[in-house]
Amino acid sequence: MASPSDDVIMVISFPGEVFLRMLKMMILPLVVASIISSLANLDPVASGRMGLRALVYYLVTTTLAVALGIVCVLAIHPGNPTIKSEIQAKRSSRQRIGTLDAILDIIRNIFPDNLIQACFQQMQTTYVARKNSGNLTSQAPMVRKFVHQNGLNVLGILFFCIVVGVIIGKLGPKASTTRRLFEELTDIIMLLVHAVMCYSPVGITSLIAGKMMSVGDVATAAAQLGLYMLTVILALAIHLVFTLSLLYFAVTRKNPLVFFKGMLQAWITALATSSSAATLPVTFRCCEVYNHIDPRVTRFVLTVGCTVNMDGTALYEAVAAIFIAQMNGVDLNLGQVITVSMTATLASVGAAAIPSAGLVTMLIVLTAVNLPLEDVSLIISVDWLLLQLSKAHIVPWPSDRLRTSVNVMGDAYGAGIVYHLTKAELQLQDRRDCGEMGSVDQQVLMTKDVSQDPKNDTAEGVGSNSEKEQHERDPSPTDKVDEVLEVQEVNQDPKNDSDDGGCKTPSLSVRVVLQ
């Protein structure tokens, strides 16, 4: 059977090309709006140590997830080595950049000198031969040269958005208008993304069909996709079973299996809904009722983590980017691997808590290392295949649901860790609050007892009432001393202190002694 011509492949792939162009159009506004709005709602100063600990936990776990994914994909190497060698033979003239130059290029791109230029160009180091007497010779020394190549400077845009978001959150009410602007802009962009996703069945089908028609060895490509699928599932399982559990045990010295048992309902809900936002009410209940975490911790850590802490998504994007590089024969150096890890970590911060948002943010990671964006259709095809196999009960869950379950459990373990580190401070705050409330209640009751004392009602009428009111306005020093002593006796009653560091309402039987 004759292979289809290039024109036929182009026509079949055209609807997918339009779909991909619409997604690429959303990259820049999605990055700017989502990251700024997410970080603008965080206030580490107002949240105190609890907020700082939560942010550190988010950063550590996401970085560990990305590093684990990169190690797994480099060790398993789901990309076909034969295809990789053939493509490298065709690209033998491609210039190799040293590790030092690659790392310095990362830092240069993080701090762009022109923010507008960073929207369509990024800095790269190249080497050119020095001219000697007007002739280029093979023995001429190579000179380092800095050039701008086409492509979105993702690291620079991310860094700028993170700084702006943190400053908006620090300003608080002063920047409320700006914060609402970016929140509304995020809602608008997400509505546009939803509209584009309505076209996804046609676009994804076109992309997959065109890619399969252009691939010579379909069986080899299918084997690579299967190996990639196993790599993602293995990395997610290792991160959930070992990384998060060991981190929880190392900090709290408690059994992570007991904690996971209490979160089982939320984990199953995440597998069923494929949305960490939809699972949030169940996650609240499991953390507070079954694992006995203070609601003040869960309301902050879980709500913020639903948007910021995306361990499964970051791991998935890092594995997908390196797999696509292997498929295309691109040999990523150390600097590019670091770029992938940093971009996947930062891009996961802006990943909205809706189904399949990782497919959109994955384009950001591919753009950062100049990988072909059209190959994202291969990743989409894997998700679609897992979805169909799950519907046929061949596999239990698609990868999107697995990623969501890891995201939810990462938030839950974070709530447990932050509560363990903050528990003593919360108990101390409870004692202070109860002491202040008890003093206020006693003062109110003393005023009420004085005003309702029948001994103060005399037959003289106005004269006696005036004398009583004058005595209440200007009590004698002896009265003040007696009141203070009785209030202190009630506050110091050991029965009012609870075992868990909280407090009970002080006794309501307070007698005022009037001399």
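Backbone N, Cα and C define each Cβ position, glycine as well.
According to TrEMBL, the protein carries these features:
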type	residues	note
COMPBIAS	466-483	compositional bias 'Basic and acidic residues'
COMPBIAS	492-502	compositional bias 'Basic and acidic residues'
REGION	446-515	region 'Disordered'
TRANSMEM	20-42	transmembrane segment
TRANSMEM	54-76	transmembrane segment
TRANSMEM	151-168	transmembrane segment
TRANSMEM	188-208	transmembrane segment
TRANSMEM	228-251	transmembrane segment
(message) Using a threshold of three or more Cβ pairs below 8 Å, and leaving out pairs closer than 6 in sequence, do the transmembrane segment (228-251) and the transmembrane segment (20-42) count as in contact?
(response) no
(request) Count the CB pairs under 8 A between the transmembrane segment (54-76) and each of 151-168, 188-208, 228-251, then give me the winner. (result) 228-251
(request) Please give the sequence-distant neighbours of the transmembrane segment (151-168): residues at least 6 beyond its ends with Cβ less than 8 Å from one of its Cβ atoms. (result) 27-28, 31-32, 35-40, 42, 106, 109-112, 115, 117-123, 175, 178-179, 182, 339, 342-343, 346-347, 349-350, 364-365, 367-368, 370
